[in-house]
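Comments concern the structure below.
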Amino acid sequence: MSQRRADLLLVLATAMWGSSYLFMKSGLETLDVFNLIALRFLIAFLVTAALFCRELRHTDRHTLFCSMILAINLCLVFTGILYGLKSTSAAKAGFLVALTVVFVPLLNFVLFRKKPGMNVSAGACLSLTGIGFLTWNGQFLLQPGDLLCILGALANASYILLTDHFTKRVNTICLGVWQMGFAGIFALTFSFLIETPHLPSGPDAWLSVLGLAILCSAAGYMLQTVAQKYTVPAHASLIFSLEPVFAALFAFIFMGEALPARGTIGAAIILSGIMIMEVDPWKYFHPRPMHANR
């Protein structure tokens, strides 16, 4: 697969994830957090396992171990986002989770000592400024829902780095399928411990669950797991930065949600920071080194 095709598949996956905020917000009206996560990933696992049953025969212990690690990250990501959505809008949550793109190079530095460049530092500062505009409510205090979405973004950054690491070492199809199965099992366990799990009641609830399971999880995460093998983390994180744009668009079209003027400014600043961080405008001002003719 060419890198261009891989990037296009990641754009498609990102659009699917942008719609997930709409489905999650709707699903939370009738389902508890871990109940919703469990249904989402268990149904997604059944769908993908049926489609790729032959590939699953090549599963080994290392693949299962890697899948469990990714599944833990997925549960952390959506626990933060879903609890955050209980007290914040789908549009705002989308932009806060977009901070994943800032956290990826920062975690790279903390874990692998890869020093971020000037563009990353500038992008991080701009993004923090954007958060201030987006979450300002008359005082310098993050609301619990906003903070949980930011923690979800941090877990998502960890997920991207781990996915990049694992996809180079194991079968990507098996990894993508099993991670959803384990995520569903982990979430269902927590649902039995602290909630009262049940099936959706009514067509709207089922639409939310099936949209999350089939469109956003089965299709979206399989596309990411397969396509990310043929691109680089910088490309992937830049493409994923489009997720809040899709989230805000879908929230406006289907739920009538619109960010206030201050929130719109904050969202634009966050996106600007993300673009500066990934595109690195400073490189265009650096003199190019002279190369000897060969």
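Each Cβ is built from the backbone N, Cα and C atoms, and glycine gets one as well.
TrEMBL lists 6-135 (among others) with the feature domain 'EamA'.
The annotation domain 'EamA' is assigned in TrEMBL to 144-277 (among others). On the 0 to 100 pLDDT scale, the domain 'EamA' (144-277) averages 83 in this prediction.
Here TrEMBL flags 34-52 (among others) as transmembrane segment. Residues 24, 27-28, 71, 74-75, 78-79, 82, 173-174, 176-178, 180-181, 183-185, 187-188, 190-191, 194-195, 197-200, 208-210, 212-214, 216-218, 221-222 of the same chain, all 6+ positions outside the transmembrane segment (34-52), place their C-beta atoms under 8 angstroms from a C-beta of that stretch.
Counting only same-chain residues 6+ beyond the ends of the transmembrane segment (64-85), those with a CB under 8 A from a CB of the stretch are 21, 24-25, 28, 33-34, 36-37, 40-41, 93, 96-97, 144-153, 155-156, 158-159, 162-163, 166, 169-170, 174-175, 178-183, 185-187, 190. Annotation source TrEMBL lists transmembrane segment at 64-85 (among others).
Under the heading transmembrane segment, TrEMBL lists 91-111 (among others).
Residues annotated as transmembrane segment in TrEMBL: 118-136 (among others).
Sequence annotations record features per position, and here TrEMBL assigns transmembrane segment to 142-162 (among others). Residues 69-70, 73-74, 76-81, 83-88, 92-93, 96-100, 103-104, 106-108, 111, 131, 134-135, 233, 236-237, 240 of the same chain lie 6 or more positions beyond the ends of the transmembrane segment (142-162) yet place their CB under 8 Å from a CB of it.
Sequence-distant contacts of the transmembrane segment (174-193), counting only residues of its own chain at least 6 positions beyond either end whose CB sits under 8 Å from a CB of the stretch, comprise 32, 34-35, 37-45, 48-49, 52, 55-56, 58-59, 63-64, 66-68, 70-72, 74-75, 166-167, 217-218, 221-222, 224-226. Feature annotation from TrEMBL assigns transmembrane segment to 174-193 (among others).
Outside the transmembrane segment (205-223) by six or more residues, the chain places 9-10, 12-13, 16-17, 19-20, 22-24, 26-27, 29-31, 36, 39-44, 47-48, 173, 176-177, 179-180 with a CB less than 8 A from a CB of the stretch. For 205-223 (among others), the entry in TrEMBL reads transmembrane segment.
What TrEMBL records for 235-255 (among others) is transmembrane segment.
Residues annotated as transmembrane segment in TrEMBL: 261-279 (among others).
Mapped onto DSSP classes, the domain 'EamA' (144-277) shows 112 helix, 0 strand, 22 coil.
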